[in-house]
Amino acid sequence: MSSRKFFVGGNWKMNGDKKSLTELINTLNSGKISADTEVVCGAPTIYLDFARQKLDAKFAVSAQNCYKVAKGAFTGEISPAMIKDCGATWVILGHSERRHVFGESDELIGQKVAHALSENVGVIGCIGEKLDQREAGITEKVVFEQTKAIADNVKDWSKVVLAYEPVWAIGTGKTATPEQAQEVHKKLREWLKTNVSEDVAKSVRIIYGGSVTGGTCKELGAQPDIDGFLVGGASLKPEFIDIINAKQ
């Protein structure tokens with residue numbers, strides 16, 4: 001049995017308003033949540049304060065992105081200092097939508113990781129291949145390069161969670177089979193052992209994202225190297241509670 005605490009992040013993406021999020025938060029607050037699982041809710045920037053005020057203390061709050069410096073003339077951006085000021089303690093960085101919709105590079109993501117960690121904000125660092133890359137047989141090459149860009153900027157791994165999200169399985173209804181997901185998670189752990197340290201490889205949580213639902217979570221969560229989930233669409237529904245409790 002792994003000593004790594006199960007970690008479930010809900011990425012609300014650009015969804016919700018105060019009315020619908022209040023309903024969701026009330027459902028989460030009244031739900032029976034496993035004490036053995038760390039739960040983080042990724043709210044839209046404009047609702048970080050709102051989410052932190054309304055969610056019970058057993059839930060942490062995460063931003064979905066931040067910039068690589070503390071302040072300045074960067075219109076539309078937010079800093080880790082602002083995230084903390086809202087009572088949030090995590091940030092999602094390198095999500096495939098940031099990479100592929102907004103053109104963020106490995107280098108920029110690495111710089112963001114370094115700055116967030118220097119400000120003591122926890123990082124959920126996302127990696128994952130696109131369908132054409134998987135079909136070309138370069139899944140490992142892609143995810144190792146993305147992981148290296150993150151790892152090169154990490155001094156203290158206790159504040160980092162890695163999220164493997166095969167891009168072809170995000171919001172598509174396609175899910176990597178538990179075996180496919182486990183295979184990549186195992187390879188990532190081996191990469192960490194070789195390139196960072198055995199201790200980090202054993203302790204860092206590697207979570208899975210990509211169309212995780214109440215129906216798929218138990219089998220995925222049973223894999224030895226899958227330490228939780230980063231959940232998109234299903235995190236806005238009551239079934240998020242089932243996903244949080246996947247190990248029960």
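Placement of Cβ uses the backbone N, Cα and C atoms for every residue, glycine included.
Residues or ranges marked as active site, electrophile by Swiss-Prot on the basis of sequence analysis: HIS95. For the recorded site, HIS95 (active site, electrophile), the DSSP three-state label reads coil. Around the Cβ of HIS95 (active site, electrophile), the same chain contributes ASN11, GLN64, ASN65, CYS126, GLU165, each under 8 angstroms and 6 or more positions distant in sequence.
According to DSSP, GLU165 (active site, proton acceptor) is assigned to coil rather than to any helix or strand. The active site, proton acceptor feature in Swiss-Prot is assigned to GLU165; the stated evidence is sequence analysis.
Sequence annotations record features per position, and here Swiss-Prot assigns substrate binding site to ASN11, LYS13 based on sequence analysis.
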Task: Cβ-based isolation winner (fewest other Cβ atoms within 10 Å) among the recorded positions ASN11, LYS13, GLU165 - done: LYS13
